[in-house]
Amino acid sequence: MSSAPDLALTARLVQLLQTGNIFTTILSIFGIALSAVAAWGIATCVYNLYFHPLASYPGPFLWRASSLPWKIALLKGTMHHDLMRFHETYGPELRLKPDELSYANAQAWKDIHAHVPGRPEFLKDPIRLPLAPNGVMSILVSDTKNHARFRSLFGHAFSDKGLRTQQKTINTYADQFMEVLKEVADNGKSVEMVNYYNMAVFDTIGALAFGESFNSMRDRKIHPWVDAIHKNLKSVAISHVMRSMGIEPLTPYILPKELRGARANNYSYAIAKINNRMQKTGEQGDFWDRVIVKSGAEGEMNDGSGMSKGEMLNNAAVMVVGGSETSASALCGATYLLAQSPDKMKKAVGEIRGKFKSSDEITLHSVTNMEYLTAVIDETLRMYPSVPGQPPRVVPKGGATVCGKFVPEETRVGVSHIGTYFASYNFTRSHEFIPERHIDKSLFPDDNYAAYQPWSVGVRNCIGKNLAYAELRLILAKTLWHYDITLDREKTGDFLDQKIWSIWAKRELWMKISLAENAK
């Protein structure tokens with residue numbers, strides 16, 4: 001049976017139609033529809049604010065009422081600025097949108113990311129991180145069982161033994177980078193270091209991931225795949241907002257012209273590289289040696305323990321982003337922060353030049369125990385984490401306890417790197433670059449070091465952590481041994497004031513470089 005409001009609405013429409021004024025009728029229908037939408041929106045906001053299961057969590061009024069402010073921030077690439085401000089204002093537990101909570105403490109890392117026997121895993125949000133265009137999983141987007149399989153297959157490449165195998169390759173490209181910088185040193189002009197670091201790291205990951213360089217340093221220009229990666233990630237952010245609104249099919253029509261086809265371009269580079277790699281026989285000393293043994297070059301031997309061809313493709317794309325952009329960002333951040341703090345730069349340079357008499361002495365192994373250099377990297381990752389836009393996890397069926405409170409199933413939850421590391425209740429003088437805090441913990445006894453997890457925790461933590469640390473230490477050590485570096489403040493501005501779409505949209509970093517006396 002129809003309700004009284006339905007009958008009244010129908011009667012009103014019939015009355016309008018009987019007047020014969022079609023234009024007035026259309027306007028009236030539009031007005032009624034608009035009023036209904038407005039009423040629905042107001043009712044939804046009231047529910048979200050006062051009756052939703054997450055209503056007790058603090059957060060900014062408009063963000064608790066509607067997901068619209070969140071979507072706008074995501075599209076603008078300014079979410080990290082909001083998280084930093086909100087967590088400082090509202091504390092370590094924050095309601096970021098009606099169905100999402102953001103945390104800024106150590107306990108949340110354990111409750112959300114750590115393995116708990118008998119409890120289902122908090123999987124990554126499938127709306128924020130959908131499957132690749134071919135519909136196949138990767139180490140980044142997979143269920144628990146398949147993630148373990150991918151992790152096992154790539155585990156050898158990122159082990160200590162694998163790192164020793166890759167040492168010669170990484171050293172070779174670090175030395176090539178020193179030669180490239182020599183061309184622009186002492187010319188009286190500033191050098192844009194983002195491009196140079198990208199070239200060095202991208203060539204290195206090319207050799208490690210596919211057995212061949214991208215030849216960026218040889219050609220003295222950025223490979224187009226780097227641009228495709230950034231455009232793809234920006235288009236993914238737009239697609240996510242459209243997907244959350246149920247109108248993802250409209251995405252191609254909404255995307256700016258320069259972003260259309262970005263995802264396809266990104267995967268086309270991966271397809272070409274992985275196909276070329278699979279044609280090579282014998283061990284190449286790269287990430288794929290064990291995968292191919294288990295799977296065959298075309299995935300034809302995959303019995304459930306290897307990978308299909310589609311999985312190889314998706315993982316290749318993930319490895320390039322994870323192994324290049326993140327390390328390049330850390331190198332840029334460390335160089336900028338050191339140049340901003342001459343006393344810290346002096347300490348880092350003193351440690352490096354005091355230990356090594358020649359560049360040949362600087363190897364992956366010899367830089368392992370560089371105390372101050374490692375502290376510089378750790379403090380850089382606190383102030384400028386390589387993956388600032390970490391996707392949230394989804395609370396499993398039945399709900400779970402996070403930070404001592406029950407959280408309903410399907411709620412999005414996550415730990416904000418930026419929100420955590422800049423919160424004054426977690427780190428003393430949190431906006432200052434102080435590498436010493438990672439050497440002498442008594443310097444700031446109230447600092448919450450357990451909340452500092454730039455590589456994440458649990459079974460899905462960064463598989464390339466050891467490789468990244470080794471590469472960062474090596475390239476920074478060689479660069480600071482060979483060159484005196486000062487910041488061109490006028491051309492650079494505030495380098496850390498950047499937007500993010502999953503990774504940093506890095507602004508230009510201008511440095512003046514001169515060959516050090518010990519390198520002449």
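Any Cβ shown, glycine's included, is placed from N, Cα and C.
Here Swiss-Prot flags CYS462 as heme binding site. A coil conformation is recorded for CYS462 (heme binding site) in the three-state DSSP classification, outside any helix or strand.
Under a cutoff of 8 A between CB atoms, and with a sequence separation of 6+ in the same chain, the neighbours of ASN266 (N-linked glycosylation site) are TRP225, ALA228, ILE229, LYS231, ASN232, ALA317. In this structure, ASN266 (N-linked glycosylation site) is part of a helix by DSSP. Annotated N-linked glycosylation site per Swiss-Prot: ASN266 (among others), in sequence order.
Sequence-distant neighbours of ASN426 (N-linked glycosylation site) (same chain, 6+ apart, CB under 8 A from its CB) are PRO92, ALA104, ASN105, THR420, ASP447, ASN448, ALA451. What Swiss-Prot lists as N-linked glycosylation site is ASN426 (among others), and the listing cites sequence analysis.
Residues or ranges marked as transmembrane segment by Swiss-Prot: 22-42.
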Handout entry: Residues that sit under 8 angstroms from CYS462 (heme binding site) by C-beta distance, when 6+ apart in the chain
Key = GLY322, TRP455, SER456, ALA468
Handout entry: Coarse DSSP state, helix versus strand versus coil, of ASN426 (N-linked glycosylation site)
Key = coil
